[in-house]
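What follows is a single structure, written as structure tokens, with notes after it.
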Amino acid sequence: MTNIQTGPTTRGLSRFAIPAVCGLITFLGYYSQYLFNTSPDLAPGPLTRRESITLNTLLVCLWLTYYQACTVDPGRYKFPPKEKEEDNNNNDNHITRRGGGPQQNARWCKKCSAPKPTRAHHCRHCARCIPRMDHHCPWTGNCVSLQTFPHFLRFLVYTNAALVCFARLLWARLYYGLWDQRHVPAYLGPSVGALLGCTMLSIAWFATQFALTVLLVTTVRSWMLGKTMIEEWEAEKHEALLARSYDGDDYWGADGHGGFVPVKVEFPYDNGFWTNMAQAMGTNNFLRWFLPVGGGGPKISNDTPWKGTGWEYEENGFNDRVGMWPPPDPEKLRRERAGAGGKWPGARENLGTGKPEVEYYRSSEDMKAAFKRRQQEDLRRRQQRRQHSSEEDEIMAELEEDEGYEQRSRTRSPPQQGRTWMNSEGDTLWDYGVDVDEEESYGYPGQGVSESVPLVGTATGYDDDQGDEDEDVPLAELMRRRRVRSSEGYE
């Protein structure tokens, strides 16, 4: 399948995206002129001088903006060498940083081995962190980001303008050359080649016009709201998480300690549509927004790291403090906190007690006593889980007597399979070009998850049955289940 915004989903097809775009522009822009000018029996005749100049001017602007959208660098962060050395030392000392500055930033890119500034994401195609990444567009082979968005928007504007101009010329020939002469004998009307060419041009024009109009409208709408495609995905996921918590879903912890109810976080970078577009285009001059050459755009201020364009963004003050976006991903936090420092869930209670992660025994008797103690703790957790399950069964039995309970339960959408959350259009961060494996990190290497980041449950769209069920199950029980599955398979 092929998505309008994210391109072909089949592996290997994206390499043909740019040649396909160039071929489509050539077919609609130049083959159409050849057909109209060389078919005298196709009314209203060849293109006029004015029509040719208008169409070819738009085509030149289209080619220029497309070239810029494909070749302009999406942005590259440059960190001072001293800062990287300090960051590595801080990683060894387990210092947690939060906020927007170099001494407070808690986001770390594992692939780049460098801090990750605000609103940046690691692109799996460009293999680096991209400032204010919107998505990686296969149709341009480049990321739509802070530096390339103005060129991408101009390309969409001139493409739609050229398609509208072409549609006027095409429909004039379809009406006067075909519909007006539908009662004329075939040998007096347009040739078969002209009819076939007009048919192919009409189909290609309709599909292209529809797709690019939708893309232009959605792109302008999101950037007028100050959001990128990735941030819209994050906002929709956050809303789904809040909706599930408001529903009173029992996901939030079977024993009351499975997680905390998430707090609503407002999108902080929406400062009004005019300010948002001026920041995106790099200038307040409205006329420069549409110049195919010399329009410019914002550039990263690498001369002053952590300050200026691409490093810091103005917030609207709707949240209690700055730096709250993006909201913590519950699934990542759950996995990272479960595996922070090599600790398994049964040892989470010792995270803040200062107890050693590895116990050393003075004798074999101490080792046996510790083993029995762990067995008793496992048995106690298993009994608590069974007791809670029986209580849940009793509560469900009582609720089923309520006539409206069954109907209310049907209205809740079932969770989707897999660990990757999808938005309403079925897109994931991987579809936008984000390196999902890299995005797992909320802290610096070796730190795990900062204790200042609250642990929350997962949103609708995750398959939590397997992960949460096996999380607190003792190792002996897991091995017994594995043996049972193996014996069933041999039978």
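Just so it is clear, glycine is given a Cβ too, placed from its N, Cα and C backbone atoms.
Residues of the same chain lying 6 or more positions beyond the ends of the transmembrane segment (12-32) and with a Cβ under 8 Å from any Cβ of it are 2, 55, 59, 62-63, 66, 70, 138-141, 162-163, 166, 169-170, 197, 201, 204-205, 208. Taken from TrEMBL, the feature transmembrane segment covers 12-32 (among others).
Residues or ranges marked as region 'Disordered' in TrEMBL: 80-106 (among others).
Residues or ranges marked as domain 'Palmitoyltransferase DHHC' in TrEMBL: 104-234. Here the domain 'Palmitoyltransferase DHHC' (104-234) has, by DSSP, the following mix of helix, strand and coil residues: 73 helix, 16 strand, 42 coil.
What TrEMBL records for 155-174 (among others) is transmembrane segment.
The transmembrane segment annotation in TrEMBL covers 194-217 (among others). Sequence-distant neighbours of the transmembrane segment (194-217) (same chain, 6+ residues past either end, Cβ-Cβ under 8 Å): 4-5, 24, 27-28, 31-32, 35, 39, 41-42, 156-157, 159-160, 163-164, 166-167, 170, 173-174, 177-178.
Annotated region 'Disordered' per TrEMBL: 319-491 (among others), in sequence order.
What TrEMBL records for 329-338 (among others) is compositional bias 'Basic and acidic residues'.
Marked as compositional bias 'Basic and acidic residues' by TrEMBL: 356-381 (among others).
Feature annotation from TrEMBL assigns compositional bias 'Acidic residues' to 391-404 (among others).
What TrEMBL records for 412-426 is compositional bias 'Polar residues'.
Among the features that TrEMBL reports, compositional bias 'Acidic residues' is placed at 462-474 (among others).
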